[in-house]
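Copied from TrEMBL, the annotated features are:
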| type | residues | note |
| --- | --- | --- |
| COILED | 548-669 | coiled coil |
| REPEAT | 362-403 | repeat 'WD' |
| REPEAT | 488-529 | repeat 'WD' |
Amino acid sequence: MYYYNWENSKIESYVKASNPPNAEGPVLDMALNPSDNTICCFVGKGLFRLVTISDSIWRQYGFQKADNLDFSTVCWLNGDRILAGTMDGRIVIVENGELIAMYNVKTMMDFDPKHRIKAPLDVVPLSKESNQRMDIRCCIPIKIGLIFVFGDSCVYYYEKTNHRYKRRNEFLKQTDSNLNALDTDRPMHNIETLSISPKNLKMICVTRRSQLFWAPLTEIPDTYMNAQNIVYFKPLGEDLHHGGISSLSTCKWKPIFITCGKVDHTIRVWNYLNCSLLLSQQYQEDVFSVSLHPSGLYSVAAFTGKVEFQLVHTEGLKSWREFAVTSCNLTEFSMSGHMFALANQFDVDVYCSVKFEKRFTYKGHSSTITAMVWAPNDMKLVTCGKDGAIYEFNTRTGERDMDIVHSKTIYMDLAISNDTNQIFPAAQDGRFKEINNQSVVRDIDLHQGALDAIVLSRSDLILFVAGQNGVVLSLMLPIMAEIKHKEFNMHNKNITKMSMTIDDSNLITCSSDGSICIWEIKDAEGKKVILNDQFAYSDDILVNALDLKNKIENMAELKMRVNELERESKYQITQLIKSKEQQIQELNNNHSIVMKILENKNTEITKKHMADKSRLEMELNLLKDSHAQELEELEANYNEKLLYEYEKYDTLQNELIKTNSELEKDMNKSEFEQNEKLQKIVDQFKIKLNEKDEHIVKVSCVLV
C-alpha cells in the first residue's frame with residue numbers, strides 16, 4: 001500500500017498490505033478511516049489487518065485472527081466501527097479494533113452495529129448451493145443506510161433508523177439469458193461494482209456488459225418491483241449491444257440507422273437525431289449483416305443458412321421473404337433501393353427488391369468479401385476482400401469492368417467517389433491508398449495500425465478512416481502532396497463499421513465492444529453536400545392491413561366501451577345526485593327541527609339564567625350589608641380592646657421604670673455597703689500583717 005500526498009505529488013510512506021505467512025493475499029479491498037486518515041483497513045483471503053501510521057511507520061493493531069475468514073469487502077460505518085463481508089455470506093463488525101459481532105446475511109433482516117454478541121466466530125456460514133456465489137462485495141455506507149452486493153446480482157439496502165439498520169429493499173439484476181457469457185467463471189449479469197448518487201436517490205451498477213444499469217433508492221415506482229417487492233435494475237439510457245457490432249446501415253428518407261450484433265443476436269433500429277433506440281429484435285441464430293432500404297421501410301438481414309427480406313414495423317421486423325443463401329456475410333441495398341446485393345462466400349448475388357429475382361451473380365474473389373459499395377447511380381458495384389482484390393461490376397451487363405489485385409494486402413473496407421473514378425480502400429497493413437482510374441496514385445503509411453473502416457462524404461470532400469484502437473482520422477479532399485489529418489478518439493476498441501448520414505452532418509461509428517458513437521461534423525463549411533430545399537425527413541411507417549383493421553376495430557370497440565362507461569357514469573352521477581339531494585333535504589329538515597328545539601332550550605336557559613342572576617344579586621347585596629355591619633362591629637370592638645391594651649401597656653411601662661429605679665438604688669446601696677465591708681477587711685488584714693512583721697523582727701533579733 002502506497003500512501004500519497006497529493007499536494008506534493010509524492011509517496012510519503014508504504015507498507016506491505018498482506019501479512020505473510022498467515023495471509024499471502026491477494027488484498028481484495030481496503031478502506032480509510034473517514035475521521036482519521038492515518039488509519040487503514042485491508043481485507044482479503046484470511047486477512048483482516050488494521051494499521052495506523054506514526055512517525056512514517058505503519059503499525060498493526062486490533063483484531064487480526066482471520067485465518068478461517070476469507071474477506072471480500074470492507075467499509076467504515078463511522079470513525080470507530082468497521083463492517084466487513086466474507087466470501088461465504090457473513091457480515092463482521094469490528095469496533096475500536098475489537099471483534100464484537102458476526103451475522104449471516106441471509107437471516108440478517110436488521111442489526112445494531114453497537115450490539116455485542118457472545119462468541120461471534122461461532123456463527124455458521126451459509127450453505128453453498130451448486131454454482132451459486134455467496135460472497136459480499138461493494139459495501140457502501142451512506143447517510144441513510146448501507147448498501148452491498150450479495151452473490152451474483154443481488155443488492156441489499158439497509159435503511160438506518162435510530163442507530164439500527166433494517167433491510168428495506170432487495171435489488172436484482174435480471175439474468176440476460178440471451179447473452180453468451182464471456183467465460184464460465186462469472187455470468188453476464190454479475191454485478192462488478194456499485195455507485196450511489198450524491199443525493200442518495202439513485203444507484204448505478206456495472207455488470208460484465210457494456211451497459212450501465214440503475215434503480216431508484218427512494219420513491220420506487222411499481223414498474224420496478226415484482227410481486228415479492230424485489231426491485232429490478234433497468235438500463236441507464238438506451239439498451240446497447242453486447243459484444244461487437246457486425247453491420248451498420250443508414251437510411252436516406254428517415255433519420256434512422258440499423259445495426260446488428262454478432263454476440264447478442266439482435267437487430268436494432270436507432271434514431272440519430274435524438275439518439276434513441278426505436279426497436280430491438282432478438283433472434284436465436286447468428287446475425288451476420290443487415291442493410292436498411294433508403295426509404296427505411298425494409299431491411300435485408302443475413303442469418304445462418306438464410307437471408308431475410310424484412311418489413312420494418314414500429315413493433316418489430318417482420319420477415320417477408322427468405323432466400324436460401326447459406327454463407328452470406330454482407331448485405332447491401334442499392335442507392336435507389338430497387339436492388340440489393342448479397343455476398344455469398346466468394347460470390348456476389350444481386351436481387352431485385354420488387355420481384356425478388358436474382359439478377360446477376362458476380363464472381364472473382366478467392367477469399368472472404370469484406371465490403372460492397374454501390375455507385376450513386378447504381379450502375380456499378382465495387383467490392384473488396386481479404387484476397388487483396390478490388391473488383392468493379394457492371395449492374396447492366398453483369399460483367400466485371402475493373403480488376404485491382406494486391407495479393408499481399410487484406411482489404412477491410414472501401415469508399416468510392418460519385419464518378420467511381422476514385423477508390424479509397426482500408427487495408428490491414430495500415431497504408432492509405434488512393435486509386436484513380438485503376439492506378440494507385442497514393443500509397444502512404446498513416447502510422448495508425450490496421451485500417452478497419454473508411455467512409456467518404458456524398459460531397460467527395462471529406463474522408464474518414466478508422467485506425468487502430470478506435471481512432472477516427474479526418475482527411476479533407478482533394479489530398480495534396482502531404483496528407484494532413486485530424487485524430488478523434490472515443491472508442492477503446494477497433495471500429496467495425498462507419499457510415500455517414502445523407503446530409504453529411506453526422507458520422508456514425510460502431511466498435512467491437514458494442515459501443516455506438518454519433519459524431520457531429522463541424523468546421524466543414526462548403527465541404528458538405530447541399531440537399532434539395534424540399535427535402536424533409538419522412539415519418540411514415542409500414543402498418544399491416546390486418547393489424548390496422550384490428551386496431552381500428554379495437555379503437556371502435558374501445559370508443560363504444562368509453563361511451564357506455566360515460567353513459568353509465570352519467571347515470572350513476574345522476575342517481576348519486578338525486579340520492580345526495582334527498583339526503584341533504586332530510587338533513588335540512590332534521591337540522592331545522594333540531595334548531596327549533598335548541599332555540600326553545602336556549603330561551604328556557606336564558607330565563608333561568610336571568611332568574612338565577614337576580615336571586616344571586618339579591619343574596620350578594622344582603623351579604624354585602626351583613627358584611628359591612630359585621631365589619632363596623634368588629635372595628636368598634638377592636639378599637640376598645642386596642643385602647644385597653646394601650647392603657648395596660650402604659651401601666652406596665654411605668655411599673656417597669658419604677659422597678660428599674662428601685663433596683664438601681666438597691667444596687668448602689670449594696671455596692672456601697674460591700675465596698676465598706678471590703679475596706680474594713682483590708683484594714684484588718686493590714687493591721688494583722690504589720691503585727692506579723694513586728695513579731696518576725698523580734699524573733700529575728702532574739703535569734704541573733
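Placed from the backbone N, Cα and C atoms, the Cβ positions cover glycine too.
All annotation found in TrEMBL is predicted automatically rather than curated by experts.
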Outside the repeat 'WD' (362-403), six or more residues from its ends: residues with CB under 8 Å to it: 329-330, 332-336, 338-339, 341, 343, 345-350, 409-416, 418, 420, 423, 425, 435, 438, 458
Counts by DSSP class (helix H/G/I, strand E/B, coil) across the repeat 'WD' (362-403): 0 helix, 23 strand, 19 coil
For the repeat 'WD' (488-529), mean pLDDT (0 to 100): 92
